[in-house]
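The structure appears right after this line, and notes come after that.
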Amino acid sequence: MTRHFLRDDDITPAEQAEILDLAAELKKDRWADKTLAGPKTVAVIFDKSSTRTRVSFAVGIADLGGTPLVITTASSQLGGKETPADTARVLERQVAAIVWRTYAQKGLEEMAAGTRVPVVNALSDDFHPCQLLADLLTLREHKGELKGLTLSFFGDGRSNMAHSYALAGAMAGMHVRIASPEDYAPRADVVADADRIGASTGGSVVLLTDPLEAAAGADVVVTDTWVSMGKEEEKLARLRDLGDYKVTPELMGLADDEALFIHCLPADRGYEVDAEVIDGPQSVIWDEAENRLHAQKALLVWLMRQAD
Ligand code: CP
Ligand code: NVA
């Protein structure tokens, strides 16, 4: 059966663990698995800029014996003359999977509804589920068990990253704290979904406005840009509104002594995080960036297995 990965909760907790196990396995020998030999082609489409996602999908597909076809929306008919559903019907006759970075989640849903091949969300305005697989893999490597860890996110709680931490974190049995101003709190329906997931895994999501309360004793400290792609016009308001949620050495000092710092990157040093933290000893951002490769390869292999 074709499975899609449009949101973090398109997989079950057991499937999330299975994909993370597979990622750890694939990481041991990058060229051992040739699931995409043929070579099969995977379309990787970008409506927004990217460094990590573009490179890690292209390299990962090649590692698996496949051919990456990287397309920018500006140079295709998608987004202008052609709907996601029609694009999907064209692509499915020629590619093994479609990976798409876009704005509206609805476009991804239309793409998935129109095709028999797996569709993967490579970041939308609402979720960044591939990033979460890499983040969870990184935390597993550094902390062992994910279940029971407290992860505190600071800043734009309505961002794709905060939403994905809520869903994927609860799914992994983690206690996710999201610290943001009230106007930047996560969407209520996403929190409700995370609560439902947490009820079965022992995980939880708590929304806070006090950054000090959110930092206290945390095992993992996370932030993201205050100005996500597509929000550039709100930049001045966001810098003003989110200023109290900066991750400083003082905030980091309230977390557990062994706390890790992660950030999906790209980062604005001096805004959402001070250089002393992101470039300091508790930061594991380069492992996190590398793990995009391993996690996404595992996801592709897993999706291909479901389709067999
Ligand atoms: N973290 C992430 O998705 O980075 P890119 O925007 O460079 O792909
Ligand atoms: N929230 C950020 C993540 C970038 C990887 C954005 O959407 O721009």
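Placed from the backbone N, Cα and C atoms, the Cβ positions cover glycine too.
Curation plays no part in TrEMBL annotations; they are all automatic predictions.
Site annotation (TrEMBL, ligand L-ornithine) includes D224, S228, M229; from N121, N160, the additional listed residue is N160. Here TrEMBL has S50, T51, R52, T53, Q77, H128, P129, C130, Q131, C264, L265, R292 binding carbamoyl phosphate, and the candidate from R30, R93, R101, R305 in that same listed site is R101. Here C264 (carbamoyl phosphate binding site) is positioned 7 angstrom away from D224 (L-ornithine binding site), judged by their C-alpha atoms. Restricting the binding-site residues S50, R52, Q77, C130, C264, R292 to those with a CA within 10 Å of the CA of N160 (L-ornithine binding site) leaves an empty set. Maximum intra-site Cα distance, carbamoyl phosphate binding residues S50, T51, R52, T53, Q77, R101, H128, P129, C130, Q131, C264, L265, R292: 30 Å. N160 (L-ornithine binding site) carries a helical DSSP state (H, G or I).
Of the listed binding-site residues, namely S50, Q77, S228, the sparsest CB environment within 10 A is found at Q77.
In the predicted model, the domain 'Aspartate/ornithine carbamoyltransferase carbamoyl-P binding' (3-141) has a mean pLDDT of 96. Taking a Cβ distance under 6 Å to any atom of ligand 2 as the criterion, the binding-site residues C130, D224, S228, M229 reduce to D224, S228, M229.
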